[in-house]
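The active site, proton acceptor feature in Swiss-Prot is assigned to ASP65. Annotated site 'Important for substrate specificity' per Swiss-Prot: ARG8, THR66, GLN149, in sequence order.
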Amino acid sequence: MLASRSPRRRQILELAGWPFDVQESHADETIPPGTPPDEAVQLLARRKVEAVMSSFPDAYVLGADTIVVCDGRLLGKPRTEEEAFAMLRQLSGRTHDVWTGVAIALPQGSITSFAEKTAVTFWELDDEEIAAYIATGEPMDKAGAYGIQGRAALFVKRIEGDYLTVVGLPLSRTVRELRRLGWPPA
């Protein structure tokens with residue numbers, strides 16, 4: 001069971017070739033001040049899993065959350081176009097970290113989690129480029145105000161780490177963790 005509203009996470013998990021269902025998770029996405037990024041994404045992923053697992057007690061439930069960190073500042077999803085502009089301006093010409101946390105609930109109710117980090121460097125962006133990207137609407141539902149798998153791919157100068165961590169689900173690590181935990185059942 002995938003506890004997510006993200007079509008990107010659904011598409012990534014389909015690459016594993018296992019059947020799964022999707023249940024939207026409406027968990028609290030606030031992060032306590034001062035929470036380190038690796039802990040923050042695991043906390044949010046766990047909340048998503050916890051919001052869904054009681055309805056599916058016999059299922060493996062997977063949840064994930066992604067944040068962007070630049071200069072020690074956590075960048076979630078922008079609430080306004082102005083906020084998206086400010087985020088993209090901050091990322092312009094710089095390297096930032098993208099963290100994705102994954103939580104997995106087992107049928108017996110225990111939850112395990114992990115976090116993965118990928119460094120992304122953007123080219124220098126001008127205001128017109130940023131405004132044109134925001135006008136597409138693409139950045140509004142994405143951490144850090146960009147989707148690397150969309151038009152923002154044009155902004156990327158370099159990436160160090162797992163590309164799918166930036167998209168929203170580090171698939172190779174997730175599959176290894178699921179196998180370690182007994183999925184798929186024999």
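The first residue you see is number 1, and the count goes up from there.
For all residues, glycine too, the Cβ spot is worked out from N, Cα and C.
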Out of THR66, GLN149, the listed recorded sites, fewest other Cβ atoms within 10 Å surround the Cβ of GLN149
Rounded to the nearest Å - Cα separation of the residue listed as 'active site, proton acceptor' and GLN149 (site 'Important for substrate specificity'): 16
May I ask you to report the DSSP-based helix, strand or coil state of ARG8 (site 'Important for substrate specificity')? helix
Quick one: give me the count of other CB atoms within 10 A of the CB of the residue listed as 'active site, proton acceptor'. 29
Cβ-Cβ under 8 Å from ARG8 (site 'Important for substrate specificity'), same chain, 6 or more residues apart: which ones? GLY147, GLN149, VAL167, GLY168, LEU169
For GLN149 (site 'Important for substrate specificity'), which DSSP three-state class applies? coil
